[in-house]
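Asker: Here you go, one structure.
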Amino acid sequence: MPERLTEMLMDTWTPLIILWITVLPSFYMAPVNQSQVLPSGSSTGLKRLNEEQRVLHRSKRGWVWNQMFVLEEFSGPEPILVGRLHTDLDPGSSKIKYILSGDGAGTIFVINDKTGDIHAMKRLDREEKAEYTLTAQAVDRDTNQPLEPPSEFIIKVQDINDNAPEFVEGPYHATVPEMSLVGTFVTKVTATDADDPVYGNSAKLVYSILEGQPYFSIEPHTAIIKTALPNMDREAKEEYFVVIQAKDMGGHMGGLSGTTTVTITLSDVNDNPPKFAQSLYHFSVMEDVALGEPIGRVKANDLDIGENAKSSYDIIEGDGMDIFEITTDAQTQDGIIRVRKPLDFETKKSYTLKVEAANIHIDPRFLSGGPFKDTATVKIVVEDADEPPVFSSPTYLLEVHENAALNSVLGQVTAHDPDVSSSPIRFSIDRHTDLERQFNINAEDGKITLATPLDRETSTWHNITIVATETRNHSQVSRVPVAIKVLDVNDNAPEFASEHEAFLCENGKPGQVIQIVSAVDKDDPKSGHYFLYSLLPEMVNNPNFTIKKNEDNTLSILAKHSGFSRQKQEVYLLPIVISDSGTPPMSSTGTLTIRVCGCSSDGTVQSCNAEAYVLPIGLSMGALIAILACIILLLVIVVLFVTLRRHKNEPLIIKDDEDVRENIIRYDDEGGGEEDTEAFDIATLQNPDGINGFLPRKDIKPDLQFMPRQGLAPVPNGVDVDEFINVRLHEADNDPTAPPYDSIQIYGYEGKGSAAGSLSSLESSTSDSDQNFDYLSEWGPRFKRLGELYSVGESDKET
């Protein structure tokens, strides 16, 4: 069918194209006859003719064409003739050669250089390339000289309907609110067609719905999808699958088509009210439940989702509106009932509440459907619990004077058991709050008494805790704080605020204020402190000083005369009596020390010591202090110097890694005892180093050189070992280079498991004379010899 259509089109258009190309250029580009354009004998016309000749010479050409056409996808047995080029300069003598250049020249398009026929050699696709720009030129076949300027033209590929529509962005997803009106916009789809949208209807698309009716519709030309049914309910069906078709050729038969899918989801709106699962709820709660503790949950279900399903709960009626409260659980949307005030089984045993659940977000469009709320009844039963005692007051405040007598009653606390059984109560004091045990309480009636004296000046407040315990159940305990305020009594005498020392200038004037003193009182009278000052009766007529009470409760000391002298009297003592205004009044006597000092002309104190007169002229106190400091510094330097000299003279112990205190020679063979006289040489023990016998010490640094002692000559093996040891001991005791310590080694362990026991006599409970060594002869010849030696020794001692 496409090949047949192409052949029909070619049969129809080819003669027209050839006719247009061959006739039209000759018609437009016929040579201009000057005799026909210009009248003869006119100079003006000649001038105009010359100008026109120049213009015509500049733009003169032998052909004019703009574009050619060729059908795409043409696949005939021979190359298709696109068109023919011809110039009116061609006399038909075959001297003109046609040349083609540009897009596809020589490969896609080939020109007959003699006739000017252009053929398409390949199958063309308009969607791949829609037009080709080529350049044609006529040249002399013999000289290749151009006869005309090159001319550019376009070959356009004519479209055929060979591409189906495509939904590039599909599949689609869209949402639309439930309960929307008919014609509500849902979404828009778009299909593309690669064919030419200008030529024919190959790219003219028409849209339709294949699946999804009667719920949705689509505009055929705009592809806008809309709702087609009213009141689509999300709770009934939430998702719809719609198939959209796009068909080209204006939707007519023979057009190509493409499809896509659109998944349309109904979004939720608040079109459903909340509804309680049951109309009556029952809960029970212990009367001692903590405040804020949840006692039950109610649930109002909503078919909507998200924000549209959120509800708020409230108690709208009932006898426990002030006792209970209800809140919303944000996660589960449950109504949580909590206790807001304490419950009392003995007072009220049950409550009835009416609870309401209402949507938070209401859509006004659906208000006509009814109220978006629901109610339910809640019955709460209070159960009895063993409660702790209850005090008559949450706190107690007691007052007591600080001079109150011991065992006097300060106040009383009371408590009762709120249970029906009404257990007796016993009272006690939490001794952690009364570590000094200053108070007692009667366990039966709760009267608080004083156990130790109180002092307000030490502690004004005492805070203790009283404990009430049920006698039938000691686990039921209550506590209450008791604050005891100690009231003041006038039991402290006033005294000077600080130790005052006044300074009186020798050049002072009569009536001059020497010092202003103030007093303090540890008591705290309600009307404030008021002090009275006076001199002792025997000092009333004091010839030197007088006193004056000030309005601010202080006292001024004044000098009666001038002419005070340090040489005559350096210090004056002035006793002053201070009394308060309490009941009974308390008083004390304080002594003011007044020193006579030397002052400058402006009254600045310079010196208050009588010795100042004997100090050298020009030597101030600061200079004396500096001299004294220098002397102390010199003494410190001398002491340090002497200490360093002593430390230098002390002998130093050489700590050397190569210090060797002992030379140990170990033999792995076992000796032969007393009978073996060839086992060792006694001379080696006497002098290991040789003949001279001198062995220098390495562990100390001697202050004086010790002369080597004359070594002992080697002696026969039969020398007495005891004599050798005594000689060595004498030399060590008289060696000035030896350190002042002895090296003692104690061997107190002799092994265990021996059938013979210990051979040592150090721990023997009997004397040497009681020991018998005859049993050693039974152990062998060596021990027999040892027994004979000990027996001989004992007999010698007795002799």
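Using N, Cα and C of the backbone, Cβ positions are placed for all residues, glycine too.
Here TrEMBL flags 87-167, 168-276, 277-391, 392-496, 496-613 as domain 'Cadherin'. Taken from TrEMBL, the feature transmembrane segment applies to 613-642. Sequence annotations record features per position, and here TrEMBL assigns region 'Disordered' to 753-774. Taken from TrEMBL, the feature compositional bias 'Low complexity' applies to 753-770.
Could you place these features in context, so I can see how deep they sit and what lies close by?
Answerer: Averaged across the domain 'Cadherin' (277-391), pLDDT in this predicted model comes to 91.
Taking H, G and I as helix, E and B as strand and the rest as coil, DSSP gives the domain 'Cadherin' (392-496) the counts 3 helix, 47 strand, 55 coil.
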Asker: Which numbers of helix, strand and coil residues does DSSP report for the domain 'Cadherin' (87-167)?
Answerer: 0 helix, 35 strand, 46 coil
